[in-house]
Amino acid sequence: MSTEKTNQNGLAASAPAAAARHAIPTYPPPESESEESWVWAQIKAEAHRDAESEPALASFLYATVLSHNSLAFSLAFHLANKLCSSTLLSTLLYDLFLQSFSSKPSLISAVVADLLAARHRDPACVSFSHCLLNYKGFLAVQAHRVSHLLWAQHRRPLALALQSRIADVFAVDIHPAARIGKGILLDHATGVVVGETAVIGNNVSILHHVTLGGTGKAVGDRHPKIGDGVLIGAGATILGNIRIGEGAKIGAGSVVLIDVPPRTTAVGNPARLVGGKDKPARHDDVPSESMDHTSFIQEWSDYII
């Protein structure tokens, strides 16, 4: 007699055969397989595992992940249900997200890069499906990518309406005109604010309550430009049309009003460069990937003394 059982949602439950069938692939993906298809296979395997171990989530996991044929369909469905309201219907949003992902394949490439970034950099991210379903920073960035596309298409009232819903639901406020690269981690994400002319490069990690803002009522290009590989600590405020160089690190709680050279660290209020502005200390690692928030502390203490 078979040991395989089926729960009320029609999902196989806990049998060895089911476990083998839904085994989670190992990293890295084989060379013959694209990262997108590999990550999607991971997500489906994780969803099967979680549905079998926690029946209370089985219906949600089936509707959001297991019933869909691709990452684009799953993400469009999930975002639509997260961001809908009584006047902004989920069916409208689903069509909008799916059409955007289908018409611009680079959006899904960025989604995959962001999933990989969260899984590799955040020790609290236990699975790709956990990030896809539960990480509001990840979801806010993906929704912003669509609002940015709408902005570029001159559908600006809808782009701004979507920005408003993203801010309401995820507590992340990113202007639709802001440009964001891929491999982005918004860790915790609550209170992140990104202004209209801000630019964020690739492989950047930003913690909660970070502001990339202007300095007043000036119009035009007035927001920060963040280079690739930058790490911005919790509560940091970066103001004005200044440049944070590639691989730089901004300490938690800093208020940055000056350019920060590549591979250096800025700390304090107002922020100063560790080692001094004439010969700032430089690091070799990529801080957005190492997520090292404290290595500069001793050197900073020596400098200010």
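Cβ coordinates come from backbone N, Cα and C, glycine included.
According to TrEMBL:
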- 1-11: compositional bias 'Polar residues' (COMPBIAS)
- 1-34: region 'Disordered' (REGION)
- 12-23: compositional bias 'Low complexity' (COMPBIAS)
- 39-143: domain 'Serine acetyltransferase N-terminal' (DOMAIN)
- 269-292: region 'Disordered' (REGION)
- 275-292: compositional bias 'Basic and acidic residues' (COMPBIAS)
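Through the fold, the compositional bias 'Basic and acidic residues' (275-292) approaches residues 120-122, 185, 203-205, 229-231, 247-249, 261, 263-265, 299, 303 of its own chain, all at least 6 residues removed from its boundaries and within a Cβ separation under 8 Å.
In the domain 'Serine acetyltransferase N-terminal' (39-143), helix, strand and coil residues by DSSP number 86 helix, 0 strand, 19 coil. Helix, strand and coil content of the region 'Disordered' (269-292), in residues and according to DSSP, is 4 helix, 3 strand, 17 coil. Mean model confidence for the domain 'Serine acetyltransferase N-terminal' (39-143) is a pLDDT of 97.
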